[in-house]
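> Okay, handing you the structure first.
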Amino acid sequence: FCLMAASGKVSAFHLPPLPTVGEIIKLFRLKAQKQLSQNFLLDLRLTDKIVRQAGELKNAHVCEVGPGPGGITRSILSAGVEELLLIEKDARFIPGLQMLSEAAPGKVRIVHGDILTYKMEKAFPKHLKKNWEDEPPDIHIIGNLPFSVSTPLIIRWLENVSKKDGPFIYGRTQMTLTFQKEVAERLTANPGGKQRSRLSIMSQHLCTVENCFVIPGQAFVPKPEVDVAVVHFTPLVQPKIQQPFELVEKVVQSVFQFRRKHCFRGIETLFPENGRLKRTEELMMTANVDPTLRPFQLTMSHFRNLCNSYRKMCDEDPGLFVYNYREELRQKKMRKLLKSTSQPKEIEEEDQL
């Protein structure tokens, strides 16, 4: 359901005196739930710092993901936004957010729902739409994401960037999000870096990705076992790999499947067992990739060449793209298992005879 504050916007906006975030937590007896990987940020200096990374928010439209007790929410409202959409899955936080909504008449919309299923393409007014080649629209996504949802959510949004749908139907919408420090390092890792991974390629080929700053774990309540980093994303006008998202993801996943081995070992998994070696050699030769490089040593140009060459092979053999290495392995194991279970029976029957 959706709750909206009373209309009547104010010209120069300042939040009236309110209970502190800590007092809100006590007032509504809010306790962070471990299974939802919730961690509250109470220090308003830090929430202000996160919001500053988003850029100029005066008169902007902002969607905050998982506002919880509303620490970052206050900082966003204090930045003078035109409208703030809050998407919160946990019903326990709604009353505290309504209090903020009443303190900022006409500026806050609260949606009790899951960001993974919420239709972001209808979240903002149509007049805010800009062409992809233009400057980013006056729309921002900001969120202190629970660890459990951060990686699947950013992959979902990167796919939206690639297809220019979801929150990117309005143009190159910017995102300012929190991740575990290690995940943030993967998102921004350069070739040869120990954190270089699938996330590095998928994010950097579609966006400018900036690791802004690190928040120590002790700043959160309850204190997580890891530090947290704030990452800013701006979609690129032209992706670095001009191929469909699914194809890029399949190639990148395959390459990083055997991270510590030579890259040809992962690339092999793109092809069925019959003719695997020959086709792997063909792909690596046309893509001009040294088969003895490790996956984390490959540059964006290497991945672009691999994706372009693989696409040509798929166009020549339409059944190739649907091939699944893991499924082939599973079927192989099943056949082995069936063979081994049928043998003792035959011996048993012979014994009986």
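Cβ coordinates are placed from backbone N, Cα and C, and glycine is handled just like the others.
In case it helps, TrEMBL gives these features for our protein:
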- N39, L41, G66, E88, D114, N144: S-adenosyl-L-methionine binding site (BINDING)
- 46-237: domain 'Ribosomal RNA adenine methylase transferase N-terminal' (DOMAIN)
> Please work out the number of neighbouring Cβ atoms within 10 Å of the Cβ of E88 (S-adenosyl-L-methionine binding site), leaving out its own Cβ.
23
> Among the binding-site residues N39, N144, whose Cβ has the fewest other Cβ atoms within 10 Å?
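The binding-site residues N39, N144 were compared, and N39 has the fewest Cβ atoms within 10 Å.
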> What mean pLDDT score does the domain 'Ribosomal RNA adenine methylase transferase N-terminal' (46-237) have in the model?
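The predicted confidence over the domain 'Ribosomal RNA adenine methylase transferase N-terminal' (46-237), as a mean pLDDT, is 95.
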> So if I draw a 10 Å sphere around the Cβ of G66 (S-adenosyl-L-methionine binding site), how many other Cβ atoms end up inside it?
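Result for G66 (S-adenosyl-L-methionine binding site): 22 other Cβ atoms within 10 Å.
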